[in-house]
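**Q** The Na(+) 2 binding site annotation in Swiss-Prot covers GLU373. Annotation comment: Swiss-Prot describes 28-61, 501-530, 586-597, 1949-1978 as compositional bias 'Basic and acidic residues'. Look at Swiss-Prot and you will find 1936-1947 tagged as compositional bias 'Polar residues'. Feature annotation from Swiss-Prot assigns disulfide bond to CYS281-CYS333, CYS904-CYS910, CYS942-CYS951, CYS1354-CYS1374, CYS1719-CYS1734. The feature N-linked glycosylation site is assigned by Swiss-Prot to ASN215, ASN289, ASN295, ASN308, ASN326, ASN1356, ASN1370, ASN1381, with sequence analysis given as support. As annotated by Swiss-Prot, intramembrane segment applies to 356-380, 920-940, 1398-1419, 1689-1711. Annotated region 'Disordered' per Swiss-Prot: 1-20, 28-62, 446-530, 576-597, 1105-1146, 1924-1978, in sequence order. Annotation comment: Swiss-Prot describes 1178-1493 as repeat 'III'. The repeat 'IV' annotation in Swiss-Prot covers 1502-1799, and the record cites a curator's inference as its basis.
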Amino acid sequence: MAARVLAPPGPDSFKPFTPESLANIERRIAESKLKKPPKADGSHREDDEDSKPKPNSDLEAGKSLPFIYGDIPQGLVAVPLEDFDPYYLTQKTFVVLNRGKTLFRFSATPALYILSPFNLIRRIAIKILIHSVFSMIIMCTILTNCVFMTFSNPPEWSKNVEYTFTGIYTFESLVKIIARGFCIDGFTFLRDPWNWLDFSVIMMAYVTEFVDLGNVSALRTFRVLRALKTISVIPGLKTIVGALIQSVKKLSDVMILTVFCLSVFALIGLQLFMGNLRNKCVVWPINFNESYLENGTRGFDWEEYINNKTNFYMVPGMLEPLLCGNSSDAGQCPEGFQCMKAGRNPNYGYTSFDTFSWAFLALFRLMTQDYWENLYQLTLRAAGKTYMIFFVLVIFVGSFYLVNLILAVVAMAYEEQNQATLEEAEQKEAEFKAMLEQLKKQQEEAQAAAMATSAGTVSEDAIEEEGEDGVGSPRSSSELSKLSSKSAKERRNRRKKRKQKELSEGEEKGDPEKVFKSESEDGMRRKAFRLPDNRIGRKFSIMNQSLLSIPGSPFLSRHNSKSSIFSFRGPGRFRDPGSENEFADDEHSTVEESEGRRDSLFIPIRARERRSSYSGYSGYSQCSRSSRIFPSLRRSVKRNSTVDCNGVVSLIGPGSHIGRLLPEATTEVEIKKKGPGSLLVSMEQLASYGRKDRINSIMSVVTNTLVEELEESQRKCPPCWYKFANTFLIWECHPYWIKLKEIVNLIVMDPFVDLAITICIVLNTLFMAMEHHPMTPQFEHVLAVGNLVFTGIFTAEMFLKLIAMDPYYYFQEGWNIFDGFIVSLSLMELGLADVEGLSVLRSFRLLRVFKLAKSWPTLNMLIKIIGNSVGALGNLTLVLAIIVFIFAVVGMQLFGKSYKECVCKISQECKLPRWHMNDFFHSFLIVFRVLCGEWIETMWDCMEVAGQAMCLIVFMMVMVIGNLVVLNLFLALLLSSFSADNLAATDDDGEMNNLQISVIRIKKGVAWAKVKVHAFMQAHFKQREADEVKPLDELYEKKANCIANHTGVDIHRNGDFQKNGNGTTSGIGSSVEKYIIDEDHMSFINNPNLTVRVPIAVGESDFENLNTEDVSSESDPEGSKDKLDDTSSSEGSTIDIKPEVEEVPVEQPEEYLDPDACFTEGCVQRFKCCQVNIEEGLGKSWWILRKTCFLIVEHNWFETFIIFMILLSSGALAFEDIYIEQRKTIRTILEYADKVFTYIFILEMLLKWTAYGFVKFFTNAWCWLDFLIVAVSLVSLIANALGYSELGAIKSLRTLRALRPLRALSRFEGMRVVVNALVGAIPSIMNVLLVCLIFWLIFSIMGVNLFAGKYHYCFNETSEIRFEIDEVNNKTDCEKLMEGNNTEIRWKNVKINFDNVGAGYLALLQVATFKGWMDIMYAAVDSRKPDEQPDYEGNIYMYIYFVIFIIFGSFFTLNLFIGVIIDNFNQQKKKFGGQDIFMTEEQKKYYNAMKKLGSKKPQKPIPRPLNKIQGIVFDFVTQQAFDIVIMMLICLNMVTMMVETDTQSKQMENILYWINLVFVIFFTCECVLKMFALRHYYFTIGWNIFDFVVVILSIVGMFLADIIEKYFVSPTLFRVIRLARIGRILRLIKGAKGIRTLLFALMMSLPALFNIGLLLFLVMFIFSIFGMSNFAYVKHEAGIDDMFNFETFGNSMICLFQITTSAGWDGLLLPILNRPPDCSLDKEHPGSGFKGDCGNPSVGIFFFVSYIIISFLIVVNMYIAIILENFSVATEESADPLSEDDFETFYEIWEKFDPDATQFIEYCKLADFADALEHPLRVPKPNTIELIAMDLPMVSGDRIHCLDILFAFTKRVLGDSGELDILRQQMEERFVASNPSKVSYEPITTTLRRKQEEVSAVVLQRAYRGHLARRGFICRKITSNKLENGGTHREKKESTPSTASLPSYDSVTKPDKEKQQRAEEGRRERAKRQKEVRESKC
């Protein structure tokens, strides 16, 4: 890196590329070749790869030249230069820079072998190529070409235009080829894949022109690919496309899994429903007329009869005949019809399960949930309601799981991309630092030299002047720095002028503070501020602050954004889109907020000075209101107009020229809060980010010239503009005027004015929301006047602010610009009110609603998230737009003609339907609809007119690319911009907005008034002094009680306060109000004698060292001991942790079985009778009774009994359907049961009251729920007894009994967990819901403006036909017809309309969920004017309104729910997760590895049989190859099943039968062989039992197929189940790791998903009972018919399951909205006393909307949250070095070495075992040394325990870690628990010690031998005898110390005593847990 970084940047780097340069390169190439002769062997190739230099990422072609290189010297733009990148020193390349400093790299070899780099033609080509105008022209050409492509019938002359385009593209390619060369060397034309695209497009153009290829239109569609050229022209798009391609690669595993799962489900569907969807009701018996007999010669044609449509039963108003089934729960036929297989399948024959391919399509449709309610209803009608189970499985496993896996994968890919970007940025920062250090050194040297020259203390000016004169003096530092990009003279002159001006102005004003002369040459004044209490003597310079706002400096964002400060991107907004920032979401983007880019970094001096002239504190003009840093500022600062309308000028906030340099400003209340001593220095804040070191070094390094440069680059406007601004936009003409300004400023900036304006906004919104149709003229008049008034108010506000702030500063603030825009529009609208067609301007008034965002953080956050996403998504949106465009054009070119020619196939009137591709707009709409997820219906039309293959391909591509990939990437970006930090930032930003301030002021006022009244009362009614104190005491009691219970705020009584004369309290009393701004709405302001400690989250306070001592010292003379509570938990979250009191259970071991007090202390004090003596008399009996009740209630059986009762009572509710009247017995039983249940529940409640006492009972939310439900039952019981059961109110109370099942919630742990999590999320869900409502309000009001009253139409009810415009034009025409005695004609409204805002909301909900939206859109598109008959597509561009709403209203807001829920769960996990947070990543990995290996134990392998033949079979069966062969057979069997179709011939059927027989024989053989080899052990393995059952069923199925099919399901289904065995094969395939991860994620999510499923079932249960009691008798129409209705419990559940995914809820709602005359109030229902079939619109809307919000938005999104969470965990685990499978294989191999499962292995086998393992645990031979080094403990008999080996091997893979021991201990406990072993083995030695013993024995032997040899004894026998004895002796001696020292070694084999201790501890722990569980129960 050193070489690369220290390449000297600056003007010297720019060297023109000359023939000498080329010669140098060639010389270097030759040298390098000589240096490194190529290696003969390829052995170390890889290492070389790593060590090779890599190209510098900042100097890549296409990127901007890094800032550090300065400006390009004159004359070197567009001239070939030598390459900057050292990497290319030995390659023939050169670079060229254009004016925008973009870098282009070319090959220095001759282009096309002719044109050298110095050739004139090539140089001209290069100049053209790199010029920005050239790319602009190409861009414009492409866009124009795109416009021409959208013509459906191009005019004649367009042919010539076509040639022009081709010519331009050819010219472009030629220029590129001449400039770059064609294809041989690097950087030539064809080396860039995007150029391949260009090349192919041009070739196609010429081929189609000169060669006749038949179908031209298909080839013309390839021209569309030209649109893709935009991607190659706009640099940022390439990155996004790269990311898309990455995510598609990552999706491969998910795709495989998806296809596999869908295939399995499709096979099941094929077997279950083959041919069912052709069942129709045919006229029966046949009417044998003459028509069927031709002169008696020909018989009856059965085929023709059943395929004749006229013989089918058609439901009125439906296009398809009615389906039916022959099972009891399927759809039935009416009288006179018989159910039989006839005709084709529904939907042109494309919806069926007749062949595998159609079944697969149906399943894909189910997975994407498009119009699946139709498939669901058809299938249940044809096959029976029981098959709902199939759909539940597919929707939950297929749809929710797989689709969200796609989302998870895309999100992960995005996250990885983001990480890479961040790392790159950090690396750049390091490089930048190194460069700056170098510059600094140069500069310091220069300055030292300068100092030496200029004797002593000459000012900087003098030095500069000397430099200017150039008399032997060194150059000024700015020149030395090599950054000097402009003539230094210019800059120096400017500096001088500025300095003089500053000095003169400073003198004039006589600044009280000393103005320091500029220490830096940037002309900025640095002021030294000393903090009041002199705790810090640091000079605070503006330079330090200005640094804070360098784009990308680490302090710019509030989060720890890792931004780069390397590639400074010249003038703010025009940054290079291809930069590393492309993918960054808002947090990590290089320049935090987009506003941040808009401002110049430094303030024009003059503006600053002027500004301060009336600020009253001119010296401090820079830091107006900066109380945070300078708390002792005078109050007068408040008037300074730098304050924006919010009263806040923040460093990073809404950017303003001034704001960028100011420290954060605060409000008056905060100034008061922070006492004079509080030390709030922003350096402290910087340190808190853990970046101090980096910051300091950068601060010291950024050179003055660099800052100067920045200043230049940040000023976007020419100097004349600033002059103009100073003269005309800053009004300071007269002292009186300034006085007036101050007064206006005081008024306008007051928080109360803000409050008033906010109230006006809310009122104005209300006024706009009150518009409806039809309105009375008076009401209309009121609204018009209201509008004028509000316009007036807002205009006045704007003008006053303009006066107060000056236009220049007014428009620096984003909100003000917004206000100004809206006010101008409103005024314009007033002027143009009467102009026709401009009523749309009224819609702009709606934008006022957004002004609420200023004071409503969540709305602000939502807008920010949308803003950030749109920002970060800018490129993605462009890519999406290009995709939509391309597909729309392709669709139009390919299918447009077909739609016109074959229109009669899809339309009865032979008119083009609404959805077609005949022109571009409609084609675009179809593609957009596919992106919304609705593809199947338009695809059927397409397939019918244009053939199946092409349509399937195009639609699937749009669906997969557009919907599944790009839209999920959108969602991933949304979720990422939703990170917790955003929420935290909005929750409490430390800053209070004016609204909060005004509310606090009002509260203070009220509190003050209370105190005054209190004092007044006391003065009048003179009482004793004791009484005087008492109310305060009581107040304290109450407050303390309430606060301690609920708010988690510690309160300390301050005992010695004194009263002063007016009854307020001195000392703490008066002052505490200043400091406490309590979230709990100031609950203690009224009580001035409390010191309150409010916890502030550490991570949240903007300045960490907030010294609270000051607060207490000021408030309390003795100095109270209150410090800030560090352990607070409100870390920016949306849920509050419970007060700590609850977390520490008070230990009461001996008396925890005693009941709690009955009443609260307050009650006992007031009513003495509540207090009884429990020692004697009645009190004692009462106490015994309570204890008995307590024992009963706490008993497990009691709880079980109650759960049983709850389930029974809930079940009883399910019987109360419409048939209950006819079933007298059941009805009577239910009535009695109801009473019994009520009595039991009342008894239970009384018992609990007695046992727990009222306090405990009524402080538990679950008990409240029980209480309310029991109360409802009791009321209805009493009402029945008194005979009031028919009263409406009592009836509706009875429906509330549906809530009974809710009681089950608290009883089932799983559901309770989910509900608790949900309850935690409710506040933020409600918040988002509210924001969504506000957001939708705008669209709703707009809808009312556009469509109110326009949805009515004239309609003939008998023929069900709408009148055309020429027959009936408007309402009056229709009424005339009605008067003409035509009873069947009506003027009717669409049920879902925009007549008022409420109705608009419902319509928008349908559009957002894409259900029923078509009818709403059609009505809008046909609308004309209020009360006019609609005209078909007369208002076609109204589609755009819906498109915009879908993007913003549906897309962003609905996905926001997912964001909020995921975010919330993560936060709750953080708070309550415990162990996860306190572990490092390493520990987690260890812990997971250990967790996995602890639960396993070595199993005894199945012993090999002794019989020889059995043994051979055993070996054969247990081989892996055998398993794989069987798997392949299973797959083949599946393939043969796929071949089956409904219409197959007899011959085919026979072939399939025999093939199947062969497979059955194979599987039977497998089964028999295994049973023979494995003997009785065969049945100890689950999979074998499964196989056995399947084989038996298959054999039985072969013989009894007919009988089984008649009574049960088709036997082939069992074969499908066999597919489950494929799961086993996955372990054997190494490549399937990704799929294993996905399945593992599913397994991990199952428990949580089961809990959510339970909760969902409970919700469905309650709603279906509610639906039965309210909508049972609704008229059958739309989505409600004889099968799908609310008449019985089963039917209700079927309907509600369908709505869980929001499918078809519009159809179910429509009949419920019926009112007479659409329904009858007197209709009789046989067998029931109920009359009428009308619905109840309000109840219906509430029912469906609440159900959709609960199920579709919340519960289903919880499902998504869990899948995303577990997927990331599973991915992490699969990335771990050790996975589950590795441990599995470890144990499998272990079994071979330890056949008896003793858990020990002999030392001698260890080396073989280690070698037999698989990677990564394997220790390959030779491994003796390594195994010895592991120091494994051994027990007697030289055996080693398996867990010790596993630990050692794991440690070897994962590396050592200090925390291993603790984890290890836990693992051992687990292992010992799961493998209770009778014998305890104590280790006596270890492998290392054993080796040491062996080695020492050998050494001793050698020594002794030598000793003997020296002594001369050579008699062998004696020697050997002695040696043997000595050896064993010594060995024994050696071993004693080893055993003694061993117990310290921590292994699994532990002494018994320790185990007993552990067991004892475990028992204690269990007892404690049981106690806690008892207490948690109600």
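Glycine is no exception: its Cβ is also placed from the backbone N, Cα and C atoms.
Keep in mind the model is a prediction, meaning the values are calculated, not measured.
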**Q** In the three-state scheme derived from DSSP, which category covers ASN1356 (N-linked glycosylation site)?
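**A** It is in a strand.
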**Q** By Cβ count within 10 Å, point out the most packed of the disulfide-bonded residues listed: CYS910, CYS1374, CYS1719, CYS1734.
**A** CYS1374
**Q** Rounded to the nearest Å, what's the C-alpha distance separating CYS1354 (disulfide bond) and CYS1719 (disulfide bond)? Just drop the number here, would you?
**A** 18
**Q** What count of other C-beta atoms do you get within 10 angstroms of the C-beta of the residue listed as 'Na(+) 2 binding site', across all chains shown?
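**A** Other Cβ atoms within 10 Å of the residue listed as 'Na(+) 2 binding site': 23.
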**Q** Quick one: pull the CA-CA distance for ASN1370 (N-linked glycosylation site) versus CYS1734 (disulfide bond), whole Å only.
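**A** Cα-Cα, rounded: 29 Å.
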**Q** Taking the Cα atoms as reference points, how far is CYS910 (disulfide bond) from CYS1374 (disulfide bond) in Å?
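**A** Rounded to a whole number, the Cα-Cα distance is 27 Å.
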**Q** Are there any residues at least 6 positions away along the chain from CYS942 (disulfide bond) with a Cβ closer than 8 Å to its Cβ? List them or say none.
**A** PHE895, MET917, CYS951, VAL954, PHE955
**Q** Sorted by position, what residues of the same chain at least six away from ASN326 (N-linked glycosylation site) have a C-beta under 8 A from it?
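**A** Residues satisfying the criterion: ASN279, CYS339.
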**Q** Could you check which of the recorded positions (ASN1356, CYS1719, CYS1734) sits closest to ASN308 (N-linked glycosylation site), going Cα to Cα?
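**A** So, spelling it out, the nearest of the recorded positions is ASN1356.
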**Q** Within 10 Å of the Cβ of CYS281 (disulfide bond), how many other Cβ atoms can be counted across all chains shown?
**A** 24
**Q** What whole-number Å value do you get for the CA-CA distance of CYS281 (disulfide bond) and CYS1734 (disulfide bond)?
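**A** That separation, Cα to Cα, works out to 29 Å.
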**Q** Looking at the recorded positions CYS333, GLU373, CYS1719, CYS1734, whose Cα is closest in space to that of CYS1374 (disulfide bond)?
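**A** That would be CYS1719, nearest by Cα distance.
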**Q** Quick check for the class: what is the C-alpha distance, in angstrom and rounded, between CYS1734 (disulfide bond) and CYS904 (disulfide bond)?
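**A** One finds 38 Å between the Cα atoms of these residues.
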**Q** Hey, does DSSP put ASN1370 (N-linked glycosylation site) in a helix, a strand, or just coil?
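**A** The three-state answer is strand.
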**Q** Which residue, of the disulfide-bonded residues CYS333, CYS904, CYS951, CYS1354, has its CB surrounded by the fewest other CB atoms within 10 A?
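**A** CYS904, out of the disulfide-bonded residues CYS333, CYS904, CYS951, CYS1354, has the fewest neighbouring Cβ atoms within 10 Å.
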**Q** Looking only at the repeat 'IV' (1502-1799), what is the mean pLDDT?
**A** 84
**Q** Which of the three DSSP states, helix, strand or coil, fits GLU373 (Na(+) 2 binding site)?
**A** helix
**Q** Can you grab the distance from GLU373 (Na(+) 2 binding site) over to CYS333 (disulfide bond)? Cα atoms, rounded to a whole Å.
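**A** Checking the Cα atoms of GLU373 (Na(+) 2 binding site) and CYS333 (disulfide bond) gives a distance of 21 Å.
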**Q** May I ask for the distance between CYS904 (disulfide bond) and CYS333 (disulfide bond), taken between their Cα atoms and rounded to an integer number of Å?
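**A** Answer for this pair: 30 Å between alpha carbons.
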**Q** Could you measure between CYS333 (disulfide bond) and CYS1719 (disulfide bond) for me? Cα positions, answer in whole angstrom.
**A** 25
